[in-house]
Amino acid sequence: MFKLVQLLGDNAVRALRDIAASGTFVDGKISNPHSRVKNNLQLHDAAAYERSSKILLDAMIQNADFMEFSFPARIAPPLLTRYTPGMHYGLHPDAAYIPLPDGQLRTDVSCTIFLSDPADYDGGALHVQLGNADLRFKEAPGVAIVYPSHTLHEVEPVTRGERLVAITFIQSLIPDVQQRNLMHELNEIAALEGGKMEPANYTRLQAVQYQLLRMWRR
């Protein structure tokens, strides 16, 4: 299960593009030196990283769709990455844990935030294998795709222009993907239909929601 989220407005997208334009990028293997499939660039500028990650983190925690889909306990500071012609990121799952200054983060949910206009580059689609479905995403600036970190995915080769995105990983309060999906579905039903229910039945539904969260939260 995945979700597309309108995460950023035009002003935030412009601010992130400006940060990227003046920031220093290095070989993406600096953070994954043993990868045989990673071929991109990533921001390597402490001040720019701090500014860009704050913009993105603020947007995430203020976005109800993002929060209600991922149930975040911790969010890794988002990182700007760039692809120019010839670059790609071959098929891979995300690592189970990533190191952070305050300790390892378990990667339950992955997120890519698109910052380039799709018309400004060719290729570069995010290809995600979800079950038997092969899905490709090349979204408008400011849109985020959120999906389970264990899924196989790749960035197809860029053949023209520049693909600028931000990526991050989420440790979820509900690490089991099936339980997380069920909780999200139940919450959506409650939000959509709760106002039409008899008060007593809505109270019972809330009790089920709360008890499942108690059972599944880690």
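Any Cβ shown, glycine's included, is placed from N, Cα and C.
Annotated in Swiss-Prot:
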type: BINDING; residues: His92, Asp94, His153; note: Fe cation binding site
type: BINDING; residues: Arg163; note: 2-oxoglutarate binding site
type: DOMAIN; residues: 74-172; note: domain 'Fe2OG dioxygenase'
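Where Swiss-Prot records a feature, it is marked here on the structure.
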| residue | record | CB count, 10 Å |
| --- | --- | --- |
| His92 | Fe cation binding site | 15 |
| Asp94 | Fe cation binding site | 19 |
| His153 | Fe cation binding site | 23 |
| Arg163 | 2-oxoglutarate binding site | 27 |
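For Arg163 (2-oxoglutarate binding site), none of the binding-site residues have C-alpha atoms inside a 10 Å radius of its own C-alpha, out of His92, Asp94, His153. Note on the domain 'Fe2OG dioxygenase' (74-172): mean pLDDT across this stretch is 96.
Look at the residue listed as '2-oxoglutarate binding site': DSSP puts it in a strand.
Taking the mean position of the Cβ atoms of His92, Asp94, His153 as the Fe cation site, the remaining same-chain residues with a Cβ inside 8 Å of that point are Tyr89, Leu91, Pro93, Ser110, Ser149, Thr151, Leu152, Glu154.
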